[in-house]
Structures are given as C-alpha cells and as structure tokens.
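Peer 1: Quick one: the structure is below, and I'll ask about it shortly.
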Amino acid sequence: MQLLKDKFGRVHDYIRISVTDRCNLRCVYCMPEEGLTFLPHEKVLSKDEIVSFMELMVKFGIKKVRITGGEPLLRTDIVEIVRGLGAIPEIEDISITTNAMYLAKKAEALKEAGLTRVNISLDSLHADRFKAITRGGRLQKVLDGIQKAEEVGLFPIKLNVVLIKGQNDDEITDFLRFTKDKDINIRFIEYMPIGHAGTSWKEKYLPLDTIFEACNEAGYEYEPVDSIRGNGPSENFRIKGAKGTFGVIHPVSAHFCDSCNRLRLTADGYIKACLYWDEEMNIRPFIQDPVKLMQLVQKAIDNKPENHEMALKLQDEVQSNKPTWRRMSQIGG
C-alpha cells in the first residue's frame with residue numbers, strides 16, 4: 001500500500017470531512033454574530049461524493065474519519081453518510097464533532113449506522129453564559145445529548161471546551177469536577193486566531209497552564225493517563241479517584257505539528273493539509289478520476305509546511321506567513 005507521506009516523514013491516516021458550513025449557532029470563536037454567507041446546496045459535497053472519495057482514500061492508508069461542520073447534524077442525510085462510510089471495511093473509526101443540539105434525537109440512529117464516538121462542543125456549564133457564547137444555544141439540549149450518547153454507547157465521549165479569557169475561565173474547576181462522576185474526557189482547547197482579523201483574539205487568549213493552576217488551587221491531585229481512543233494531540237490527565245479525564249490541547253503555545261497525521265476536506269470539496277495554511281486543492285471535479293484526484297491530494301501533502309507558525313513569540317505575537325482566510329465553520333472544526 002502506498003501511504004500518504006509528506007517530505008518530513010509524517011504519514012497521514014486520518015481525515016476530517018466537513019459535510020456542511022451551515023450551523024444553527026454563532027459561537028464567538030467560530031462565526032461572526034451576523035453570520036456568514038453559506039454555500040448553496042449544490043456547492044456542497046453529496047453523500048455519494050463523500051463515500052466515493054473515501055473508497056479511494058482508504059487504498060492509501062486513511063483509516064480514521066471525523067465528520068465535522070458547521071454543524072453536521074443539520075444534514076438531513078447525515079445518518080446515510082455515516083452508513084456509507086461504515087460500509088467501507090478499511091475505515092476503523094468514524095467520529096463526529098457536534099454542538100449536540102440535535103444529538104439526543106439522532107444518536108441512536110447514528111450509532112446503528114456505524115458511528116463510533118462523539119466530540120461535543122460545550123464551553124460553559126451555566127445556561128445563560130452558554131447561550132451568550134453560542135449566541136442562542138440551549139445548555140439542556142447539550143446535556144440531553146450527552147446522556148443519550150452514553151445510553152447508546154458512543155464512547156469515549158469528549159467535551160471540547162475552548163478557554164476564553166473573561167468569559168468561561170472561571171469555570172475551569174466546574175469542568176474538572178464534571179469528570180469526577182462521569183466517564184467523560186473534557187478537553188480544554190486554546191483560543192486560536194482562525195479567520196480573525198488583526199490581533200483581537202489575543203484579548204481572549206489564555207495559556208493552558210491555567211488548568212493546572214486551577215487543579216492545584218482546588219486541591220485536586222492529578223496524574224497522566226495513557227492514550228484515549230482517538231485522543232489526537234490532547235495530553236490527558238485524571239484527577240485521582242475520578243471516573244473521567246481531562247486533557248489540554250495547545251495549538252498556539254506548544255504546537256504538535258511534528259506528529260500531525262491529518263488532512264481536511266472542506267464541505268465544498270477542497271483538500272487542506274494544514275488547518276492554519278491557506279493552500280487548498282479543489283478535488284471535487286476529479287472524484288471519479290482517481291489518478292488525478294490522488295495527484296492533487298499528494299501535492300497538498302507535499303506542500304504541507306513543517307509547522308503552522310501559529311506559535312506565540314515572547315511578546316505574545318503571532319507569526320504567520322499564510323494565515324487561513326476561512327472561518328473555522330468554513331473549514332471544519
């Protein structure tokens with residue numbers, strides 16, 4: 001089997017497929033309050049295109065798929081997409097990232113179709129604050145979605161918490177306490193300058209050392225834990241005696257580019273080899289032309305930078321030669 005390897009020796013076996021750029025929320029770190037101009041439906045990859053693409057990609061070593069958006073559960077055919085991917089025997093793991101507004105309704109059907117596990121965005125445990133950060137989200141719907149995911153066996157369940165200075169950084173201990181009674185992995189993620197103009201993001205950025213300081217202040221003893229299924233770049237820990245775990249993902253202060261194994265496919269059919277790099281290859285016209293398609297995929301990988309240059313300098317400045325122009329919802333979170 002010919003593997004997808006870049007010039008730095010990184011083998012790519014994981015792809016994140018955005019199935020829509022649409023979302024029913026407007027999270028402050030993902031989309032402007034006024035929203036975005038969404039792709040016309042005919043510009044979005046169809047179920048058959050997604051499945052055909054993956055039937056080819058598995059021949060080159062891709063074996064893990066994460067479905068993203070926008071909000072992927074807005075796709076009326078999301079269960080059929082999962083079922084189509086689940087029918088490809090070489091795919092070992094199918095996961096989804098969701099805001100969970102519709103997860104309670106769809107979790108059982110998704111599990112039956114072949115979904116392995118779920119990541120859920122949850123940036124506050126206070127209903128009013130959650131509504132403010134998401135610009136309209138209902139916390140109880142997320143909690144119901146978590147419960148349903150537990151019931152149907154979508155494990156491990158991971159909760160993605162973007163740490164935002166002045167908005168939810170006083171809830172760190174609450175999230176840590178959440179892991180004591182639930183077998184859930186809470187992942188604290190640094191606020192990233194994706195698609196943001198200027199340097200205003202720095203006003204909301206907090207280094208993740210804050211998490212460990214909160215543990216110490218609360219008197220929580222914690223220890224590293226072994227790899228969690230699909231853990232990716234997260235460094236994971238467990239508070240002694242807790243059922244669940246917590247992790248930290250720091251793409252800004254300590255990037256993990258040297259071990260990056262992922263590609264991204266946008267909802268409109270562009271391959272991105274790096275989240276924070278503008279270069280994209282339009283593969284949609286060639287989904288039925290495997291030779292040309294794989295030439296483009298390999299070209300994207302060949303041009304992948306050694307790192308995304310989003311690391312902080314001493315003065316907390318971002319160095320970036322080619323920052324991405326897309327918002328996170330347009331790339332696939």
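In case you wondered, yes, glycine gets a Cβ from its N, Cα and C as well.
Pulled these from Swiss-Prot:
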BINDING   R16, R66, T97, K158, R262, L263, R264  GTP binding site
BINDING   C23, C27, C30  [4Fe-4S] cluster 1 binding site
BINDING   Y29, G70, S121, M192  S-adenosyl-L-methionine binding site
BINDING   C257, C260, C274  [4Fe-4S] cluster 2 binding site
DOMAIN    7-221  domain 'Radical SAM core'
Peer 1: Among the binding-site residues Y29, C30, C274, whose Cα is within 10 A of the Cα of R264 (GTP binding site)?
Peer 2: C274
Peer 1: Around the Cβ of L263 (GTP binding site), how many other Cβ atoms lie within 10 Å? Please give the count over every shown protein chain.
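Peer 2: Total other Cβ atoms inside 10 Å, all chains included: 22.
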Peer 1: Mind giving me a neighbour count for G70 (S-adenosyl-L-methionine binding site)? Other Cβ atoms within 10 Å of its Cβ, every protein chain shown.
Peer 2: 29
Peer 1: Calculate the distance in Å between the alpha carbons (Cα) of T97 (GTP binding site) and C30 ([4Fe-4S] cluster 1 binding site), and round it to a whole number.
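Peer 2: Cα-Cα, rounded: 14 Å.
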Peer 1: For a quick check of packing: other C-beta atoms within 10 Å of the C-beta of C23 ([4Fe-4S] cluster 1 binding site), how many?
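Peer 2: Cβ-Cβ neighbours of C23 ([4Fe-4S] cluster 1 binding site) within 10 Å number 23.
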Peer 1: For a quick check of packing: other C-beta atoms within 10 Å of the C-beta of M192 (S-adenosyl-L-methionine binding site), how many?
Peer 2: 21
Peer 1: At the Cα level, what's the spacing in Å between C27 ([4Fe-4S] cluster 1 binding site) and G70 (S-adenosyl-L-methionine binding site), rounded?
Peer 2: 11
Peer 1: Three-state secondary structure of C260 ([4Fe-4S] cluster 2 binding site) from DSSP?
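Peer 2: Going by the DSSP assignment, C260 ([4Fe-4S] cluster 2 binding site) belongs to neither helix nor strand, so it counts as coil.
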Peer 1: Between 0 and 100, where does the mean pLDDT of the domain 'Radical SAM core' (7-221) sit?
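Peer 2: Across the domain 'Radical SAM core' (7-221), the average pLDDT comes out at 95.
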Peer 1: By CA-CA distance, flag whichever of C23, C30, G70, S121, C257 among the binding-site residues is nearest to R16 (GTP binding site).
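Peer 2: Comparing Cα positions, the candidate nearest R16 (GTP binding site) turns out to be G70.
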Peer 1: List the binding-site residues among C23, S121, M192, C274 whose C-alpha is within 10 Å of the C-alpha of L263 (GTP binding site), in sequence order, or say none.
Peer 2: C274
Peer 1: Between C260 ([4Fe-4S] cluster 2 binding site) and M192 (S-adenosyl-L-methionine binding site), what C-alpha distance do you get in Å?
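Peer 2: Rounded to the nearest whole number, the Cα-Cα distance is 17 Å.
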Peer 1: How long is the line from the C-alpha of K158 (GTP binding site) to the C-alpha of C30 ([4Fe-4S] cluster 1 binding site), rounded to the nearest angstrom?
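Peer 2: Checking the Cα atoms of K158 (GTP binding site) and C30 ([4Fe-4S] cluster 1 binding site) gives a distance of 19 Å.
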Peer 1: Could you state the whole-number distance in Å separating the C-alpha atoms of C257 ([4Fe-4S] cluster 2 binding site) and M192 (S-adenosyl-L-methionine binding site)?
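Peer 2: On Cα coordinates alone, these residues lie 15 Å apart.
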